[in-house]
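Please read the structure below before turning to the comments.
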């Protein structure tokens, strides 16, 4: 019998608002993204659980770091959405401090999945996330989300431009993704599961 993919085993574990409250370290992959970029929808698609991550019509609603257990040794981590203008400055500052410290100091973090809206990639805050994470030397996989809203020529152009702009970052990879059409879901899942269990990684098709 084929083992159930690791991502499909996800279930809620805990939420934390302070760095000191983080659970004991395990191998983990963090999902980050600008508010309303489609992060929660991406998590729900990749785990095949429609309501695992909270989706809201009000960007910036998720203010906690949410941990989802995959196995006894691994977590999927949903980081607070960032960059929504209506969030009070003091709340925004708290989020930014928590995010930067988590990304830079969480030793068990295997990699970061950074979700960007394919129509507006590499915003200043997206770049800030990359800068915070760069000193760790750990991999970043960018999902250019909502790709279904672009024409085929726009998809190709956007992917090429983002790859060119990040060409000097050896630890960064990029792909197109759509939670609605499921474009790129298998590619992303293979990448993430490879980070969590390299010895058990399934080779990407083709």
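The backbone N, Cα and C atoms fix where each Cβ goes, and this holds for glycine too.
These come from Swiss-Prot:
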| type | residues | note |
| --- | --- | --- |
| DOMAIN | 25-198 | domain 'EngB-type G' |
| BINDING | 40, 62 | Mg(2+) binding site |
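Mean pLDDT, taken over the domain 'EngB-type G' (25-198), works out to 89 on the 0 to 100 scale. All chains included, 24 other C-beta atoms sit within 10 angstroms of the C-beta of residue 40 (Mg(2+) binding site).
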